[in-house]
Amino acid sequence: MAPGLGTGRSTGATDGRAYAPILTHDATETTPDEPSAARLIPQSSGSDVEGAHEKKDEGAHGIEMQHVHERGRDRSASESSALSVFSSSSSDDLTRAAPPRRLWPYSAEEERVVVRKFDRRLVLFVAALYMLSFLDRSNIGNARIAGMDADLRMTPTSTPAPPARDDWYEWALTAFYITYITFEWMALLWRVIPAHVYVTALVAGWGIAASLQALASSYPWLIAMRVLLGIGEAGFAGVPLYLAQFFKRDELAMRTAVFIAAAPLATTFAASLAWAIMSIGRHVASPIAPWRLLFLVEGFPSVMMAAAAWRVIPDAPDKADYLTRREKKLARLRLDMSGGDGGSADDAENARGYAATTNLEGNEAGAMYALADPAAWITAAMFFLTNMAYSSLPVFLPTILAAMGHDAVTAQALAVPPYMAAFVIVLATAHVSDRMSARAPLLIAHALASAAGYGILSISEGRWLGRNSIWRYLAVYPAAIGFFNVVVLLIAWNLNNQRGVRRQGAAFALFQVVGQCGPLVGTRLYPNGDAPLFLRGMRTMAAAMVGVALLGMVLRTLLCRRNGVLDAGAAEKVIRDEDAQGEADGLVARSHEHGGRMHAARQGRGTSFRYML
């Protein structure tokens, strides 16, 4: 039966009253304050229905039903307006005024309350966890110039530790990403293991490994700890996929931004703490080396947060214990209605136009389509290039600043402002992107800005651009701000343009596996032999960010064409399917109205899914 339509018997009621159908979201799971199934409501008795429910559940839900009765009176006027289109029993009237697809039983304020609860309770907590995650992987850059490199290259007798290598530090960075990539499949376990159990295990695991870095007596020991750290953090990369279960497509960029913005905030915190520890160490003798203290202070909080994750992380939107029963249903249904991640029957129906363009049906076919989708591969390639910067500059910037001629303490302090600026601008960019419902324009602009920053850093030392020139330092700002923003927009864009749970999961897995290979290149871009300006690495990154901008233009063009296909072809199929189903139910006849509705479908209203540009 077509959504929003009753049976043909509605026009032949014997009591003389006009009836209209109301189709609710769930025919098997109801609450006293919501309609329970597709049924006929007399026009003159909108509040009687609420009264019937009130009597039925008077004992168990007395307080709740008092509010329901009040809502029934407020809603009766709107229901009467919606039902008035059926005031005549003639088939001509039915054809002329088709019923609404659905009477949504929730207010906009109720939905805002649910979203705010998820923002405060879930998004901020997940962002805090990601901040600790990024802190534990990137603070090695601060530890390096705090004395770690010198200590780990020496034996207890102060002689060089065999075997002597110049690239021990680079291997410590690369070792993390080898296991991070190898265990990337763990990101899909968010769909298999209860989220609160999974997150608790991950956070505790990487927190212990991060803390044990403080005990390292040589680079091989440190590398072993980095290997374990990579395993623990690999599974946490699936957080954007997890957040897609709670927020609509046009809400996702801002929430992803809050999550990803924790990365520059973590780098800011690491640099600030390193500066404080080293400054105090100049005046106060400590039995613990500053770099070891840095690993302990920044690693152990993750272990403590693991216990909190068990209580705070919900397994699904309707499993959050801080939502009421009504809010839990709304949390699930609002995604179904928006063509989100719900994967319900309504979701599948709203996606008919999209399915028509792919000729694929079923979840397995949807996952295969995502893996064969050029758009998924383009976003993965863009993430690969961006991740070269995302994985390298945070761990090399203190070294780069020290090579410019600054002492270790000053270099730690100078590393703070670029990341603080990135934190603020990431949030602003995501807000604008969600308001525009667009990703490509801002992504391309930030990629080009980052390329410009790296371009200035790649200029050889000269008369107007010396090694410690203020212009060379200022170029770090657009370089860092640019790639952090690109990462946020890319993650949201990738999830926005895959329809359904299976496609999102497959596309996100591809996105991560390909993209996380970027750090294998990025962590090798700044060898000691290229000091003090590291020109080769800077030029490589400038070219990579230009490549991201070009791929962004290509992807936007591809998605524009796909939207054209949806508007011209898939929407027509939705109209034909609805009319055919309506005829079978005896309520909708083909008429001249079909042409008008076909035109509306071509304008993008025939299907709820459209690619975000």
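Using the three backbone atoms N, Cα and C, a Cβ is placed for every residue, glycine included.
Feature annotation from TrEMBL assigns compositional bias 'Basic and acidic residues' to 50-77.
The region 'Disordered' annotation in TrEMBL covers 1-84.
Using a Cβ-Cβ cut-off under 8 Å and counting only residues 6 or more beyond its ends in the same chain, the transmembrane segment (122-140) has close neighbours at 148, 172-173, 176, 199, 203, 206-207, 209-210, 213, 226, 229, 233, 236, 239, 242-243, 246, 255, 258-263, 265-267, 269-270, 274, 294-295, 298-299, 301-302, 305, 308-309, 312-314, 320, 394-395. Per TrEMBL, the feature transmembrane segment maps to 122-140 (among others).
The transmembrane segment annotation in TrEMBL covers 168-190 (among others).
Here TrEMBL flags 197-215 (among others) as transmembrane segment.
Within the chain carrying the transmembrane segment (221-244), a Cβ under 8 angstroms from the stretch's Cβ atoms is held by residues 122-123, 126, 129-130, 133, 136-137, 140, 152, 171-173, 175-184, 186-191, 195, 198-199, 202-203, 205-207, 209-210, 212-213, 215, 252, 255-256, 259, 340-341, 491-492, 495, 504-505, 508, 512, 516, all 6 or more beyond its ends. According to TrEMBL, the transmembrane segment annotation covers 221-244 (among others).
Here TrEMBL flags 256-277 (among others) as transmembrane segment.
Proximity of distant same-chain residues to the transmembrane segment (289-310), defined by a Cβ-Cβ separation under 8 Å and at least 6 residues beyond the stretch ends, is recorded for 125, 128-129, 132-133, 135-136, 139, 142-144, 146-148, 151, 196-197, 199-201, 203-204, 206-208, 210-215, 269-270, 273-274, 277-278, 281. Annotation comment: TrEMBL describes 289-310 (among others) as transmembrane segment.
Sequence-distant contacts of the transmembrane segment (375-397) (same chain, six or more residues past either end, CB-CB distance under 8 Å): 134, 138, 140-141, 173, 177, 263, 267, 415, 418-419, 447, 450, 454, 476, 479-480, 483-484, 486-487, 490-491, 493-494, 497-498, 506-507, 510-519, 521-523, 525-526, 534, 537, 540-541, 544-545, 547-548, 551-552, 554-555, 558-559, 611. According to TrEMBL, the transmembrane segment annotation covers 375-397 (among others).
Note on the transmembrane segment (409-428): residues 142, 145-146, 254, 257-258, 260-261, 264-265, 267-268, 271-272, 274-275, 278-279, 282, 394, 397-399, 401-402, 473, 476-477, 480-481, 484-485, 488 of its chain, located 6 or more positions outside it, place their CB under 8 angstroms from a CB of the stretch. According to TrEMBL, the feature transmembrane segment maps to 409-428 (among others).
Residues or ranges marked as transmembrane segment in TrEMBL: 440-459 (among others).
The annotation transmembrane segment is assigned in TrEMBL to 471-493 (among others). Sequence-distant contacts of the transmembrane segment (471-493), counting only residues of its own chain at least 6 positions beyond either end whose CB sits under 8 Å from a CB of the stretch, comprise 240, 252-253, 256-257, 260-261, 263-264, 379, 382-383, 386-387, 389-390, 393, 397, 401, 404, 414, 417-419, 421-422, 425-426, 429-430, 433, 439-440, 442-443, 446-454, 456-457, 465, 511, 541, 545, 548, 612.
Taken from TrEMBL, the feature transmembrane segment covers 505-526 (among others). If one looks beyond the transmembrane segment (505-526) by at least 6 residues along the same chain, the residues whose Cβ comes under 8 Å of a Cβ in the stretch are 170, 173-174, 177-178, 180-181, 184-185, 187-188, 191, 237-238, 240-241, 366-368, 370-371, 373, 376-377, 379-381, 383-392, 395-396, 399-400, 491, 494-495, 498, 534, 536-537, 540-541.
Among the features that TrEMBL reports, transmembrane segment is placed at 538-559 (among others).
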> Residues of the same chain, at least six outside the transmembrane segment (440-459), with any C-beta under 8 angstroms of its C-beta?
Replying inline: 386, 389, 429, 432-433, 465, 471-472, 475-483, 485-486, 489-490, 493, 533, 535, 538-539, 541-543, 545-546, 548-549, 552-553, 555-556, 613
> So which residues does the transmembrane segment (256-277) touch in its own chain, when a touch means Cβ under 8 Å and the partner is 6 or more beyond its ends?
Replying inline: 123-124, 126-128, 130-135, 138-139, 141-143, 146, 239-240, 243, 290, 293-294, 297-298, 390, 394, 398, 409, 412-413, 415-416, 419-420, 422-423, 426-427, 429-431, 480, 484, 487-488, 491-492, 495
